[in-house]
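Just below is one structure, and these are the notes that go with it.
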Amino acid sequence: MKIMSKLNDQQQFRRDKLKNLVKNGFNFPSSTFEHDNLVEINEKFSQKSKEFFLENQVKIAFAGRLIRQRGPFFIIFSQNLQIQAYISKKFQKKNEFIFANLDLGDIIEVSGYLFKTQTGQLSIKVNNFSLLTKSLHPLPDQYYGIENPDEKYRKRYLDLLVNSESAKTFRLRSKIISLIRTFFDSQGFLEVDTPVLHPVLGGASAKPFITYYNSLSQNFYLRIATELPLKKLLVAGFDRVYEIGKIFRNEGFDSTHNPEFTSIEFYQAYANLEKIMDQTENLFRFLFEKLNLDPANFDFSNKKINFLEKFARYDMIEITSKLMNFDLKSANFADLVEKAKKEGVKIEPFFKKGHLINKFFEKFVEPTLINPTFIIGHPIEISPLAKSNPNNPNFTLRAELFICGKEFANMFDELNDPIDQLSRFQAQIIEKNQGNQEASEIDNEFVQALEYGMPPAGGCGIGIDRLTMLLTKNESIREVILFPQLKPKKD
């Protein structure tokens with residue numbers, strides 16, 4: 001059991017004040033007033049003259065955190081605004097005990113009448129005051145905030161209190177998710193919820209988190225994708241579905257990866273890959289428009305990105321061959337192995353030709369894709385859920401969207417042939433036995449669903465955290481996840 005570290009003077013003073021308050025009946029009371037909407041109050045009255053308030057009594061009530069005090073002026077943070085309250089010396093003296101035990105960071109409730117100061121600042125003259133919550137720690141400096149990044153992520157609640165940019169980021173994240181819902185809802189998509197715990201691993205290539213289901217005496221996986229249950233709904237006749245939710249992949253974390261992340265997957269019956277690429281492109285344009293961002297000259301990661309022009313589209317093997325100056329189409333597996341060794345590409349025991357083509361793409365092409373670019377035609381070995389290309393069965397009707405050298409979306413013309421799907425799953429089992437820890441298992445229930453007939457469809461997955469990084473211009477995923485996973489803190 002961890003023993004609490006010794007209190008510093010400030011913490012001890014605050015605890016002593018709390019003891020005094022408790023002795024005199026303080027018990028962290030509930031709020032007593034109906035609170036006003038301060039945003040509306042500010043919009044309605046901020047431009048009124050001093051004389052207006054002399055002629056009209058406007059009474060308001062609200063609660064918030066005391067963040068600064070100068071004499072009779074108290075700055076209260078409430079509803080994402082800083083409101084100035086005037087509390088006269090006479091009122092403070094009348095309530096001397098409470099004010100003697102008040103500290104910055106305490107949560108207070110006030111009511112009174114609006115007025116304008118000599119400098120024209122909208123303020124409230126307080127005639128009712130109560131202490132709701134006693135803060136036992138001083139807040140970080142309002143100007144400097146929390147300088148240690150690790151501490152900022154561990155104590156995000158403090159970061160949000162003192163860092164307006166952090167607070168702005170997460171309000172914008174909420175708006176982005178709301179806009180995504182609006183985009184799909186307006187097109188007749190149905191939002192659904194599917195299980196987080198899966199008895200069979202599938203839907204993506206990733207290492208899973210494993211848990212144990214006591215009542216079933218069976219291991220389950222935290223989902224690595226929502227793809228398979230959503231495609232079952234296509235079988236069920238739900239022609240347009242999407243899900244926004246948490247995904248879990250038991251892998252490392254860096255500036256663009258977190259093991260627990262949020263994604264949207266959407267599926268549309270009777271849509272092909274071209275339609276899904278257009279839909280994805282339209283979603284980005286919709287978000288830029290609604291967020292009032294400049295699509296033609298968007299600054300991100302010290303680069304100018306153009307979202308206004310139609311997104312580029314390249315065939316994977318063609319652009320990789322071009323940038324490598326090496327003909328991947330005519331090369332056999334032995335040629336690719338030799339080339340991989342020369343280029344320092346690690347070769348796994350389960351690799352086939354398609355795996356190596358993908359590795360070459362990641363090394364030579366991916367970092368060069370700055371403007372929005374769809375890469376089309378992935379090898380069948382790395383795309384077990386996508387339809388094969390009828391003109392070249394070794395490749396698939398699959399695309400990924402890259403921006404600034406990073407993947408932002410992954411989409412397929414969805415495989416709906418149950419015989420082919422079972423064969424793909426069986427190939428994944430062979431890979432797993434050869435050491436591929438990210439290979440899928442055979443999901444017989446999904447195959448059976450396909451046997452009843454799934455309409456031709458297109459689908460896409462987009463990481464919302466990475467999308468939020470882009471739209472808020474943050475270069476670390478930890479800046480857009482409220483409580484990112486961190487290494488255990490050393491005592």
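Our numbering is plain: 1 for the first residue shown, then up by one each step along the chain.
Cβ from N, Cα, C; glycine included.
The Cβ of E400 (Mg(2+) 1 binding site) lies under 8 Å from the Cβ of F374, I375, H378, E407, A409, N410, M411, each of which sits 6+ residues away along the same chain. In the three-state DSSP classification, E400 (Mg(2+) 1 binding site) falls within a strand. Annotated Mg(2+) 1 binding site per Swiss-Prot: E400, E407, in sequence order.
Under DSSP, E407 (Mg(2+) 1 binding site) is assigned to a strand (E or B) in the three-state scheme. If you look up Swiss-Prot, you'll see E407 marked as Mg(2+) 2 binding site.
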